[in-house]
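Here is what TrEMBL says about this protein:
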- 53-295: domain 'G-protein coupled receptors family 1 profile' (DOMAIN)
- 42-62: transmembrane segment (TRANSMEM)
- 74-97: transmembrane segment (TRANSMEM)
- 117-138: transmembrane segment (TRANSMEM)
- 159-179: transmembrane segment (TRANSMEM)
- 185-212: transmembrane segment (TRANSMEM)
- 233-261: transmembrane segment (TRANSMEM)
- 273-297: transmembrane segment (TRANSMEM)
Amino acid sequence: MSTLAPLRLLREPSNASEGNHSNATVGAGGGWCQGLDIPNELFLALGLVSLVENLLVVAAILKNRNLHSPTYYFICCLAVSDMLVSISNLAEMLFMLLLEHGVLVMRPSIVRHMDSVIDTLICSSVVSSLSFLGVIAVDRYITIFYALRYHSIMTLQRAVVTMASVWLASTVSSTVLIAYYRSNTILLCLIGFFLFMLVLMLVLYIHMFALARHHLHSISSQQKPPTAHRGGSLKGAVTLTILLGVFFICWGPFFFHLILIVTCPTNPFCACFFSYFNLFLILIICNSVIDPLIYAFRSQELRRTLREVVTCSW
């Protein structure tokens, strides 16, 4: 049984027949081209972990008034997006299991309609998650390089407009993607969006990394012993490296898969890469698990509030 319906639609190129795909798989190298048989329990387990983590983040931000700022609102939206990825995945798997075991009996037309609704919800949450990663990068950049003007640049009104725009654009684009998922033009737009986010985060984080490195160099040149500021700069540099690494590892394989669908749909080696599609989906779900650890749980104020939420100290 496959998972993540809108991504399942992109499992193989539409112009590659089953026979061609099978022949290509055999010819490309035998055993290692058979893909990975990932159990449904792993999808469910990761989905539940992501759901709990992100739900705690949302609850903590809503509870603590000190966290009611544009930065934490963006983190909250990222958590909601990741949470929707988990909820949609769990809902789809439950829906498919009920159908397969005959517990739920529905007409084919209704099943297709329900599948399209779940498709749109999952795709929208994936696109919005990717978008808020970029928004958070921009917000951090403004915080560092325009600290004195941050509150005049990133006002609450602009933050609300940004969040509403991301959710609206994600919903519209996901609807179009589900309707025209076999069009190479749509795939190219999706690939272009990912590359834009990757370049945006790369440029911003490299600039911030360079600033942290400059601070370390300045402190070292003054021959001063290690200080808390130096430790903070080094910690910030390491965090930025982790952010870029996790983003590329979790999202890169899936979008490389889309690039191969457009560029070499019938090539034997590309067909072999397609067989690992479920692994790419696992990485995307893992990103929803890792995001709270990077963007939320590193905040001391948020961790304190999370402890209060867990212990029901409202």
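Keep in mind that glycine also has a Cβ here, set from the backbone N, Cα and C atoms.
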Checklist entry - Which of 42-62, 74-97, 159-179, 185-212 has the most Cβ pairs closer than 8 Å to the transmembrane segment (273-297)? => result 42-62
Checklist entry - Considering only Cβ pairs under 8 Å, which range in 74-97, 117-138, 159-179 makes the most contacts with the transmembrane segment (185-212)? => result 117-138
Checklist outcome for this item: When pLDDT is averaged across the domain 'G-protein coupled receptors family 1 profile' (53-295), the result is 81
